[in-house]
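For reference, the structure discussed in these notes is given below.
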Amino acid sequence: MAGKETTPGQPNMFGGMSSGEEGEDRRMHSLTTNMCAESNGNKVILDPEPPTIPKRRQELLKWNGWGYKDSKFSINKDGHVEFTGERYRLSGSVMPLLKDWMKATVGISLDHKSPSQPEIPAASIPLPVKNEEFLAEFRKSGIPFSDDCQDRLFRAHGHTLHEIFTLREGMFERIPDIIVWPNSHSDVVRIVELAVKHNVVIIPYGGGTTVTNSLECPPWEKRMIISLDTSQMNKILWVDEKNLTAHVEAGIIGQDLERRLAEKGFCTGHEPDSMEFSSLGGWVATRASGMKKNIYGNIEDLLVHVKFVTPRGVMEKSCQVPRMSSGPDIHHVIMGSEGTMGVVTEVTLKIRPLPPCKKYGSIVFPAFENGVGCLRDIAGQRCAPASIRLMDNEQFQFGAVLKPESKSLLTSFMDGLKKLYITKLKGFDPKKLAVATLLFEGTKEEVAALEKRVYEIAAKYGGIPGGADNGERGYMLTFVIAYLRDLGFEYYIVAESFETSVPWDRCLDLCQNVKERLHRECKDRGIQFPPYITCRVTQTYDAGACVYFYFGFNYRGISNPVHVYEDIEACARDEILANGGSISHHHGVGKIRKQWLKKTVGDVGLGTMKAMKAYIDPQNIFANNNLMMGDHSKL
Amino acid sequence: MSTQSRNVWIKQDDPKLVSAKHKDIFEDILEDRRHSSDLRYSARSRDVPRFHLNKPRTPHQIKDHVLKSDRVQYAVEQMCQETQLPRAEVLAQASSVVDEMAHNLRDGAIRGLAYFLMKVLKKLYQRIYVNEEGIEKVRSMIHEYPVLLMPTHRSYMDFLLMSYVFYHYELPLPVIAAAMDFMGMQFFGWLLRNCGAFYIRRSFGDDQLYWAVFTEYVQTQICNGDSPIEFYVEGTRSRTSKTYTPKFGMLSAALEPYFKSQIPDIMVIPVSISYDRVLEESLYAYELLGGLLKARKILEEDFGNVHIYFGEPVSIRKFSDGRVDRSKHSLAPRYIVSLTQEEQDLIRLLGHHVVLVHQHNMVISPWSMVAAVLMQSQQGVTVRELIREVDWVKRLASNLGAYIDWPVNESAETIIRASLALHPNIVSVTPDDVVQLLQVAPPAVQGRVAKQQVQHFTVMQNAAQHIMLSLYRNHIIHVFVRPAMLALSINSCRQDQLSLDDLYQKYAFLESVLCRDFVFIPGHTKQDFEHTLATLAHIGAVVVEAGAVAIKKSTNKTTTFLSQMFEPFLVGYWLMCQFLLSSRMQVSAKPLARTQKSLTKEMQALCARLLQEETIHHHEVLSLDMANNCLHALYHMGGVGKEKRDGVVYMYPNVARLSAITEQLGTYTEVPPLPAVSINLHTKTVTVNAKL
């Protein structure tokens, strides 16, 4: 058995079977309030908490944009950009440099506004398709559901440019006909059984943050479409301190999971940029990656066990072991299945004690190439901090203009000094320098030692420490940039991000060539304003890196901006593949990148996927048409 | 005053007085230099555009990069394993290869050369015309892409002119791939190296280390866009003024960085350089005849005008769109040389494309049309007739897409007399206004020189004039080759009608025969055929009725002229075939293999004899170039076999196939009578000539 690999001094993998070795510090975590009676051994059952995201999401979240309704960029009465609300550190502050930057880089003009259409009235929303036999039987189950127009509209989309633009300017051709909110794994089993019986389509819906068109309903679908919203399945069912695992319902969103584990002194450490809204089930279904994967791993490293409800029945392993040799790993069928084969209902994840020390940092490099060299070296020496990201010059400048109005003279004085030091003293060209942002986690000593080592390596590549503040702002940018796109929409800007993974030796060429290609394609398509194109290296591995691109342009004078954008992004993806990059590092394939899947996995690979789909879901109940699914004409 | 125009807005009233500095799309870059200080010009500050992704490097840093590159390090490692030599020794070897190869482009040397060149160019040429629009494209391309310049190669002057033009227009001087032969030249070799020439061995077979250094040296300069890179896709100077078939070694090395996605794109700029008079004309003539005679010394003569046309830049990305899949290189490190079949095919296609663009952009001088007419009237022709014929050829060539340099404000007679005057070493005009090829008197017989040798000498001397004339006819011959292949097929037809399918078969056969002497894009035979047929039909030279060519109506001045122009080639080829068939010796049923060199030499001797006996009268068949091309074509058609012995290529006829080719070839044109015998070979009767 796997016991072979248990090394002395480490906790036994089989929590329930271990005996007598519980030290004081490993005692089960006592909970502040009503601990559930059924807790047995060292498993803790946590109190359910009302979900952060309500059933009527549109009451909390924007219906036609990113994030919370109360948080957005807007132009204030002085003509400056301001971030509203009080949820974020940036909330309530004015960014005096941002407006001019937007004018200069993408040619925004405050005189040319492109406001969104007002809310889409019920009359414009298509009538739901109703399968009466299904509904009759389903009502008896007592599972909550809704066929409210706005509820259905909200679940008809993710957050690609195309979808948000459609919300602002038009309407989807096909949207879900009914929303169901299962409360547990058994509810999901029941729903899937009924769907199979009555030939009804299910599209699982977690956080709705997809950027691959994977939630889009196939317009040709004549059957009733259920949107299976997992948001009510948000309980942490138990925490096993001995094995450092937690068993969690798949509907929980990232911020809730981390917050509630933190109450008990733990974390999963899985922090994708969308963690405020995205769900655990979604992470599994798309093979998500978290910012701090260097310490905690990506979702495939964190996953210990998963329950997967399919039309054939429940797919799961019989034990919760750290590793097992049992033929092809069924977890890898589930991970990345993108809702084409079933619903993830419960997941056992690895957890870690919260790190006592958390520290930001940054390194300024004279040029992007130096930064890439340094990151590769750090990855090669396997001493990467929890997170290390390298922003190119364009992104660094963007980060700088996001600086809020400085509250004190001292800060601006210090900023001035730093700038002087870097540009004058070290001779860095402000138009060329690149910045790496760092996040260290661990004990104080570990962090100190790692910091020292990382900065030493950086020095070899001409990098100098740039302060914690720059680092922190870099990470803040990640959360904020999604909001910024909505401001862009108001002023004729379309923008989107896309990502890839690439071997180290091609990393620089890929960044350069993709940027060049984007510029070229914009020019060829007659886009009149300079596009904004920037990239950053966001993850490092032994064998390569993850690269993230942001691309946006001012579409004034262009009649079909979304179409043009999509064309150009497709060219960029071709270029990425030609440069040895991948179809996606963590966003997934969905519908937006289907055209490259065959090339990526080959005929046999694609055939294998199709064969699995055909066995698991012969009726095509999970008909969201993502991944390997053919056109409807071929189905 | 007398020069004052009737209208105030007109500056120059008399068309005769308008200078030829600007002409159509061209601008003369020498004119201004004739009125200003050369020294100041060569010392002026230059503001050159630079590739936007370029990181400035010195020639020394480039060398350093090459030696440290993954590719060279990998090759060094491989070599250490194979030869068991110590690493340091192999590295030293690599280092000496780089030193031998690398250029040392320096500003000072460039200015020096510019000063010196300007003096020379002003002496040699009347005007050097450059198409300004093309130059402006080059300028913007240099900023945005790595640039490959691919000029035609007719003269040593080519790269001096290119560098001068780049200097003149404030563009970064190109670095030039040059053959090793230059390096040997004492001062010149050094000067060129400092002006951007880098030296490449003509062949380096499977010397992996050399390959690695060469490839890296070229590629790193492309990737970083240090300078535009100039090389000749034809591989070497064309001695015949015809386009040589493209070579692919350098092109492959240069394009690999795109296929391996090291750079976003590469721009290929074809440049056509047309000379009114080629500096090395007589050198070439004698070289083609095998260096039998000494070249005349070139004095300070008038070499007329030069036209340099910068063609439309070809984006390799767009050119290869949908034809190659670059992601195929994702599975191996990029420093290991590998190109997919699609990429190799693409490189072949691009090579052919570039030389065809070259041809299209050549500027045809009146003299080359005069040469074409004179070639067909070797007995002499009056100036009046010549003018008429040239005018006719001019119309024909224009219709076939040639760009002709014809001064509009001069009379035809002035133009033609001027071009005759430009070539006094080839033609003369007799007092009764007849144009004749210059006759060269045989040298006085000294001592015991055999009579035969003197005769041979005379034949060769006369041939030299003909060959020189043919060099100029060759300036225009590419315009006519496809139509001529149709004309030959039609004119040799004995029926009243020729179906289009049969015509195509005949056309296709000629293409495979002529594929070394002329350039055809592989696999484009059908398109070429259809396009040519349409062209000839539209100018009324060929009449198609009910899906067949009406032979009688299609036998006219145009088709006859075209057929005659190519007759020397067909006769030459046919003779070569006959020669091969007759010279085979049966050694246990296998024909004796001979080296290519001995074959062509003997073939030449045979032709000289036939010329002397006046069995044939096309002096062009003496050309070694034609003989070599013929052997290559026959090899590709299966008429000749090849084998390597001690590293030398030996060739032998495949009798059955060769006989069939010979017979077919004989149907296109009138062939000279040769004594023939019939023999029985493998129960198949083959007509073979007696030993020639």
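Glycine is no exception: its Cβ is also placed from the backbone N, Cα and C atoms.
Owing to the predicted nature of the structure, the values given are computational and were not obtained by experimental measurement.
Feature annotation from TrEMBL assigns active site, proton donor/acceptor to A:Y548. Under the heading FAD binding site, TrEMBL lists A:T286, A:R287, A:A288, A:S289, A:E338, A:G339, A:T340, A:M341, A:G342, A:V343, A:V344. Residues annotated as substrate binding site in TrEMBL: A:R485. According to TrEMBL, the feature domain 'FAD-binding PCMH-type' maps to A:172-354. The region 'Disordered' annotation in TrEMBL covers A:1-27. As annotated by TrEMBL, site 'Important for enzyme activity' applies to A:R389.
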* For A:R485 (substrate binding site), what is the tally of other C-beta atoms lying within 10 angstroms of its C-beta? -> 21
* Sorry to bug you, but what's the C-alpha spacing from the residue listed as 'active site, proton donor/acceptor' to A:E338 (FAD binding site), rounded to the closest Å? => 21
* Asked: If you skip the near sequence neighbours and keep only those at least six away, which residues in the chain come within under 8 angstroms of A:G342 (FAD binding site), Cβ to Cβ?
  -> A:V192, A:F308, A:V309, A:T310, A:P311, A:M315, A:I334, A:I616, A:D617, A:F622
* Nearest to A:R389 (site 'Important for enzyme activity') by Cα, among A:T286, A:A288, A:Y548 (recorded positions)? -> A:Y548
* Structure fact -> If you measure between the CA atoms of A:T286 (FAD binding site) and A:R485 (substrate binding site) and round to the nearest Å, you get 23
* Average pLDDT across the domain 'FAD-binding PCMH-type' (A:172-354)? -> 96
* Structure fact -> One of the recorded positions A:A288, A:T340, A:V344, A:Y548 has its Cα closest to the Cα of the residue listed as 'substrate binding site', namely A:Y548
* To do: Work out how many Å separate A:V344 (FAD binding site) and the residue listed as 'active site, proton donor/acceptor' at their Cα atoms, rounded off.
  => 28
* Structure fact -> A:T286 (FAD binding site), Cβ-centred 10 Å count of other Cβ atoms over all protein chains shown, is 29
* **Among A:A288, A:V344, the one of these binding-site residues whose Cβ has the fewest neighbouring Cβ atoms within 10 Å** => A:A288
* How far is it from A:Y548 (active site, proton donor/acceptor) to A:T340 (FAD binding site), counting Cα to Cα, in Å? -> 26
* Asked: Who sits close to A:T340 (FAD binding site): which same-chain residues at least 6 apart have their Cβ under 8 Å from its Cβ?
  -> A:K613, A:D617, A:F622, A:N624, A:N626, A:L627, A:M628, A:M629
* So how many other Cβ atoms are close to A:R389 (site 'Important for enzyme activity'), meaning within 10 Å of its Cβ? -> 26
* Under a three-state reduction of DSSP output, how is A:R485 (substrate binding site) classified: helix, strand, or coil? -> helix
* Structure fact -> Row A:Y548 (active site, proton donor/acceptor), column other C-beta within 10 angstroms, all chains, value 22
* Between any two of A:T286, A:R287, A:A288, A:S289, A:E338, A:G339, A:T340, A:M341, A:G342, A:V343, A:V344, the residues recorded as binding FAD, what is the biggest Cα to Cα distance in Å? => 21
* What three-state secondary structure does DSSP assign to A:T286 (FAD binding site)? -> helix
